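Engineer: This is the structure I have questions about; it appears just below.
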Amino acid sequence: MVPCVCVCVCVCTGFNVETVEYKNISFTVWDVGGQTIIRPLWRHYYVNTQGLIFVVDSNDPERIKEASEELHTLLQEDELKGVAVLVFANKQDLPRAMSVSDIIEALSLKGVSQPWSIQPSCAVSGTGVVEGLDWLSNEILKQ
């Protein structure tokens, strides 16, 4: 079975699906966007999901509470219980970006029972992406 990874990004504006080859694993990646109007549609992409990538804007502390609420709502879904959760703390290159420890606290990640990891990242430069995917692929292979 090809691992299915649901990517919830709180900045994109649409839906994209791609197959990504990484370390001899073929991932079907659903990028479902994060606009409020789109969020009710996320549940249509949960079936057979083996990993969740949740991207937060480290430079937007005003929206971190909303991101936390959305993440914990996702983790209550039956289809997502037990899946590995990778949080990309994006925009770490910006001087006012929240620290990883502050994001862990703001997202209440220590209370999450399923496997999770947070990866500081910068989508523009690609910093942190490989490290995050390494962790996620290892977690999926454990399943």
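Positions of Cβ are set from backbone N, Cα and C atoms, glycine also.
TrEMBL lists these features:
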- G34, N90, K91, Q92, D93: GTP binding site (BINDING)
Engineer: Using DSSP reduced to three states, classify N90 (GTP binding site) as helix, strand or coil.
Structural biologist: strand
Engineer: Relative to the Cβ position of K91 (GTP binding site), how many further Cβ atoms are located within 10 Å?
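Structural biologist: Its Cβ shell of radius 10 Å holds 21 other Cβ atoms.
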Engineer: A 10 Å Cβ contact count, applied to the binding-site residues N90, Q92: which residue has the minimum?
Structural biologist: Q92
Engineer: Long-range same-chain neighbours of D93 (GTP binding site), Cβ under 8 Å, sequence gap at least 6?
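Structural biologist: D93 (GTP binding site) has long-range Cβ partners C122, V124, S125, T127.
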